[in-house]
């Protein structure tokens with residue numbers, strides 16, 4: 001009888017340890033958010049077939065930029081990808097596995113997948129553009145898919161950002 005209770009207690013503790021060690025979204029933010037967004041874009045018939053999921057993921061990856069593009073590269077979703085562990089995404093997705101669990105499996109295959117982090121966004125309403133580096137000003141324009149032809153000095157970049165600010169900044173009411 002005591003042995004049975006001990007087995008139950010050990011089983012409970014093992015389950016508790018497993019859930020506390022589970023991957024959290026902030027531990028692997030790019031993976032979790034990208035997998036969720038991709039899974040939400042799939043229709044029900046595609047979700048059932050892992051081959052269709054792989055094809056859809058490759059198409060999805062063509063439109064990605066920055067960190068998501070790098071994530072696609074690591075998984076093998078791009079033509080230029082060196083490796084391919086796409087089935088580690090497609091099969092669990094076809095089984096309706098949650099994004100956190102999928103990313104946990106992907107991390108075991110390739111740890112650098114969870115090293116991807118989103119960069120902090122610059123709040124244009126509160127930041128003094130004059131205090132930013134030219135590199136940061138260029139990044140703002142690049143994130144907006146805008147260019148600054150003929151910009152040579154910091155003041156030129158600031159002027160261009162100020163021109164485009166009303167178009168891109170989200171003003172809270």
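The backbone N, Cα and C atoms fix where each Cβ goes, glycine too.
Annotation source Swiss-Prot lists signal peptide at 1-22. According to Swiss-Prot, the feature disulfide bond maps to 28-114, 31-103, 61-72, 148-151.
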Candidates 72, 103, 151, namely the disulfide-bonded residues, that fall within 10 Å of residue 28 (disulfide bond) by Cα distance: 103
Cα-to-Cα gap, residue 103 (disulfide bond) vs residue 114 (disulfide bond), nearest whole Å: 8
Neighbour tally for residue 114 (disulfide bond), based on other Cβ positions within 10 Å of its Cβ: 18
Candidate nearest residue 148 (disulfide bond) in space, where candidates are the disulfide-bonded residues 31, 61, 114 and distance is Cα-Cα: 61
Cα within 10 Å of residue 114 (disulfide bond) - qualifying disulfide-bonded residues among 31, 61, 72, 151: 31
Rounded distance in angstrom between the Cα atoms of residue 72 (disulfide bond) and residue 151 (disulfide bond): 33
Largest tally of Cβ atoms lying within 10 Å of a Cβ, found at which of the disulfide-bonded residues 28, 151: 28
Cβ-Cβ distance under 8 Å to residue 61 (disulfide bond), same chain, at least six residues away: 68, 69, 72, 77, 78
Cβ-Cβ distance under 8 Å to residue 31 (disulfide bond), same chain, at least six residues away: 71, 99, 102, 103, 106, 107, 113, 114, 116
Among 72, 103, 148 [disulfide-bonded residues], residue with fewest other Cβ within 10 Å: 148
